[in-house]
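S.K.: Here it is, the structure in full.
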Amino acid sequence: MARPKIALIGAGQIGGTLAHLAALKELGDVVLFDIAEGVPQGKALDIAESGPSEKFDADMSGTNDYADIAGADVCIVTAGVARKPGMSRDDLLGINLKVMKSVGEGIRDNAPDAFVICITNPLDAMVWALREFSGLPHHKVCGMAGVLDSARFRHFLADEFNVSMKDVTAFVLGGHGDTMVPLTRYSTVAGIPLPDLIEMGWTTQEKMDAIVQRTRDGGAEIVGLLKTGSAFYAPATSAIEMAEAYLKDQKRVLPCAAYVDGALGLKGMYVGVPTVIGAGGVERVVDINMTKDEQAMFDNSVAAVNGLVEACKAIDETLS
């Protein structure tokens, strides 16, 4: 039986890391695509030459031709411009929208049956645009944001409580930006909700508020430290977690930017929500209950995403 085929659109820092992780996990054969001649080919060869030491069996190739992604089971899109210090994700809108058009058409023409995971920022608007340009079914196109934001939240919580990250669960919903909503009520340590841990004296509300804010600023913190790029290890790991859930039909409950039509009071839009990912793609949205305050924060985040979508329509009239 043929191995799954994984197409990685964009051979930058995230793309290269994705290729390495996919090979290490033996998720399938990898095609690394980029418009820069030599870059995907060089990275693919470098990773392939690590195979004998890492002991993985996976074909690794690089290309500048969309025809080579034909028949891909999974496409992960990282193509576009990354943030620099002082920039917000939203500042990338105009540049990366054009990239999504060419990528969407490339996937539509060559890998129309693929499960597509978008990482390009501003995430929620870009995954919406990518779906529009590609014409793929909504349940086969989603964005990687909530898994990453939740991982950052979990890391900060484990550090605060001095416990294993394996015992920390967390959910971050809403848009992938300053308005994201880390839900402390649905986040736990060994099943104990964070509000209970505050009552137990494990931490204070002030410290928890600071952790929530640091989670929102997680990407900007790394951009500020690197100065010449943005995060790539954690984003790549998060996208691989989603791809693995699809390829292995794991039915994982993961927060991601998915198409919502009816759940959570939303009608026909992409935004970060809890989902179940399996062989059917985004198989369902988990319609959680929110308090009045949580709903207000979520609504604010939804409004911010809608604003970016409207901006996309103003830039490219074919999206209207």
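Any Cβ shown, glycine's included, is placed from N, Cα and C.
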S.K.: Pick from Asn96, Asn162: which one does Swiss-Prot list with Gly10, Ala11, Gly12, Gln13, Ile14, Gly15, Asp34, Ile119, Thr120, Asn121 for the same NAD(+) site?
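M.R.: Record source Swiss-Prot; matching candidate: Asn96.
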S.K.: Enumerate the residues of the same chain, Arg83, Arg89, Asn121, Arg152 excluded, that satisfy the criterion Cβ within 8 A of the mean position of the Cβ atoms of the recorded substrate site; list them in sequence order.
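M.R.: Here the non-site neighbours turn out to be Pro122, Leu123, His176, Gly177, Gly219, Ala220, Val223, Ser230, Ala231.
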S.K.: The record lists Gly10, Ala11, Gly12, Gln13, Ile14, Gly15, Asp34, Asn96, Ile119, Thr120, Asn121 as binding NAD(+). What's the largest Cα to Cα distance among them, in Å, rounded to a whole number?
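M.R.: That value is 17 Å for the farthest Cα pair.
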S.K.: Taking the Cβ of Ile119 (NAD(+) binding site) as the centre, how many other Cβ atoms fall within a 10 Å radius?
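M.R.: Neighbour count, Cβ to Cβ under the 10 Å cut-off: 27.
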S.K.: Given the binding-site residues Arg83, Arg89, Arg152, which one has the fewest other C-beta atoms within 10 angstroms of its C-beta?
M.R.: Arg83
